[in-house]
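Annotated in TrEMBL:
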DOMAIN    A:6-208  domain 'ABC transmembrane type-1'
TRANSMEM  A:12-32  transmembrane segment
TRANSMEM  A:44-65  transmembrane segment
TRANSMEM  A:77-101  transmembrane segment
TRANSMEM  A:129-150  transmembrane segment
TRANSMEM  A:193-212  transmembrane segment
């Protein structure tokens, strides 16, 4: 069994999750603080969660394809995205972002707004409030978002195959490898990859639950 | 410590207008919930922005709509005591204080220790906020405000969520803090007893409109508006018609009454506190025959609702000690005397 799909999947999901972490938290803070168009912004960011991944992949193709404005601009610097590893990472980011964004936003909204007001009237800068008050008090939610986005990125299929293709050794992840194996009538190989994905996802979700339970024990005492 | 406020802000149902000055004293804003009194505090602290006006604290302009000045809450040095104290839940009490104290580490540690000692919290330095009682949390919140070098205390309904026993304890502690704190403090409350016990001067806010500033004794003895009378606990009010220079007809009570002085031109209501109404045995000046509508036994007194007989009048509330009421023998009718010097004439 070739191990490349496993390595590519882990790398893609890992890099995508790091990006999703920062972008998702940033977007969550931005939307929480919006006075107008909050609903619209929320809908746009959440859309990849409810759209068929093939639609997301199709839009990514349109947006970053060689004939698009962005694609032809990048081509001047000899950068192509479509059917590369970078494209697989981008697809994973877009698809997993709503999960990070929504859980982070929920966690931030749980924080008593008076605590933030109090910190500001006591002279604490917004930057210190973010690192020392918002993040620590939202960590259970943020961690849940992190695990959910990572497992979502692990299993990403539709957008990846549209935008990054299914090139063995380059963009073939575990889930696209299963598709290729089934098409080649190799059910044993497909089954092995399926088991590995199930095992990975299970381990991560169990770890998340364990962590959140531990956090909640602390949190319950806070009240 | 000197604060002057003159601001205007459009709220959903009315426009808030606050105009007052506070100097080295405890100043209270008394108003019903939703009247704009908390909003006033939030505008001073910088959590909310007024539409126009000017706020000056110790000569520093915090807000001036004409000059385009609107300092961040961080730069205002106005300590805001929240109803729920808003301690940082992820930090110990010592960390809560150190987090907001300025200066280098030595200076921070000095401020932490000094304020812990000042509020008798030294033994709780390593405890988390959830491990503290309500009173301890309030003291910790004060310690944190003073460690941040606040020049002004803003107290937003400090006791509204507490049961009466705890409330009294915390009020006494707050009284001690205020006595020791030589700056100015602004207290916002809907509880007349609270503001009477804690504040030096009081202003009533009614649907965003700030009324005349009173000394606390003046406000309770001689409220000049209907809102002030109701907020200071007056239970009996009636609209009036002027009959003579010193005689009124109280429309709600259907009674013609003599008053002690000439009626002010703007007066449209009369009020009398329930414990000033007397029971007599015969007709006389300001004395009318009334029927008893209902009797409610309170903790230490009887609350008796009475109204003028056969006149379709609104009832008055009368408060009598238990002994006094039982001595009357639970009558169906009685003569009610409204002493003329106790009748308050009120502007709308």
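Backbone N, Cα and C atoms are what each Cβ position is placed from, and that goes for glycine too.
Whatever TrEMBL says is automated annotation, not expert-curated.
Keep in mind the model is a prediction, meaning the values are calculated, not measured.
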State the residues, same chain only, that lie 6 or more residues beyond the ends of the transmembrane segment (A:12-32) and have a CB under 8 A from a CB inside it; answer 'none' if no residue qualifies.
38, 41-42, 45, 85, 88-90, 92-93, 96-97, 99-102, 104-105, 108-109, 130, 134, 142, 145-146, 149-150, 153-154, 156, 173
Take the transmembrane segment (A:44-65) and find every residue of the same chain, 6 or more past its ends, with a Cβ under 8 Å from one of its Cβ atoms.
27, 31, 71, 74, 81-82, 87, 90-91, 94-95, 97-99, 101-102, 156-163
Given a Cβ distance threshold of under 8 angstroms, which distant residues of the chain, six or more beyond its ends, lie next to the transmembrane segment (A:77-101)?
8, 11-13, 15-17, 19-21, 23-25, 27-28, 31, 45-49, 53, 56-57, 60-61, 64-66, 71, 145-146, 148-150, 152-153, 156, 159-160, 162-165, 167, 170-171, 173
